[in-house]
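Feature list (source: Swiss-Prot):
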type	residues	note
REGION	1-195	region 'Phosphopantothenoylcysteine decarboxylase'
REGION	196-418	region 'Phosphopantothenate--cysteine ligase'
BINDING	ASP285, LYS295, PHE336, LYS354, LYS358	CTP binding site
Amino acid sequence: MVDHKRIPKQVIVGVSGGIAAYKACTVVRQLTEASHRVRVIPTESALRFVGAATFEALSGEPVCTDVFADVPAVPHVHLGQQADLVVVAPATADLLARAAAGRADDLLTATLLTARCPVLFAPAMHTEMWLHPATVDNVATLRRRGAVVLEPATGRLTGADSGAGRLPEAEEITTLAQLLLERHDALPYDLAGRKLLVTAGGTREPIDPVRFIGNRSSGKQGYAVARVAAQRGADVTLIAGHTAGLVDPAGVEVVHVSSAQQLADAVSKHAPTADVLVMAAAVADFRPAQVATAKIKKGVEGPPTIELLRNDDVLAGVVRARAHGQLPNMRAIVGFAAETGDANGDVLFHARAKLRRKGCDLLVVNAVGEGRAFEVDSNDGWLLASDGTESALQHGSKTLMASRIVDAIVTFLAGCSS
């Protein structure tokens, strides 16, 4: 039986002429290492920053530069027709303008017109150019036509400038590229005007200056939800506990915390303005009653006894606050449950009980175990709703899982509005 998910995809990487063109090399390398066939189409100005030989060495494929290089092959038609995905990184203000206008004055823009696959633009330009009304209109036009235009990162630009307009990290671009290949369609821009509050990662409760109580959460699933929601138009705030060295998603406000109390305080601060809470963080249930100011020594009397106190349930607290009218904007509350079966019942038995106990609108359920849920890049599980409906979340990347979760949130919000 053929595993279609493992069949290499045809990916075109378009590179336009900006200083960030050198970062396209990492995008090409990562997509190639993911076993995709990558064809690079640089603009003439892009080749002034990075030579064709570099792209050919990284992709293992000849670089395509000229509509007339192989006239019988009609490259400006066939490249777009055969592609499973087109990624343009970096996409300059000029490239976005030409794409929005439907220009076909070079091989890259001509290929964009013939492509029938998802198209992903990763913009890079100075802040003033990104915020200019012309660029804003061009981006809106491309999104309206179904293209995915990433929000640029904020940081150091060329020269001494700093601000919004920096090319998103290569990992960000390739992660979303892989999602588009898994979804087989573009990401809808359907969360514009919505504010999402997402928590991710694990908390740490200090025992002494060296030791802490923690858990195995990597934060990958929560980060993926924040990333996907932002690229679907949401205004996202991500409250991040300890993670596996993850790159902060572009276009997302990230608040870093350590302990359960810090996370609870951050949620209390940001929840009043949020439409949706996605509680993906693994929050410690207990904390030491006292934190030692010096490292606890082994001693000769045996291991020390540590008295524990129960932490407040952050998710249940938000549900109560909404019920008491304290969160009038909150339309959807999404919880997460990492469960194992036991003598009393299976994973879903415990998950259904948790949904009733917590009172959230949606509950994402993962069965945990060796090589499952924690510290891995893929996931599966179930999605339970407060109305009793249940659906399976088929195995896939955590980014694909995030996309399905966001799909469910959009559907739930539509039901609230009807």
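Placement of Cβ uses the backbone N, Cα and C atoms for every residue, glycine included.
Every protein chain considered, the tally of other Cβ atoms within 10 Å of the Cβ of LYS358 (CTP binding site) stands at 19. Cβ crowding, taken as the number of other Cβ atoms within 10 Å, peaks at LYS354 among the binding-site residues LYS295, LYS354. The secondary structure of LYS354 (CTP binding site), as reduced to three states from DSSP, is helical. Here PHE336 (CTP binding site) comes close to GLN221, MET279, ALA280, LEU363, VAL364, VAL365, ASN366: these same-chain residues lie at least six apart in sequence, with C-beta atoms under 8 angstroms from its C-beta.
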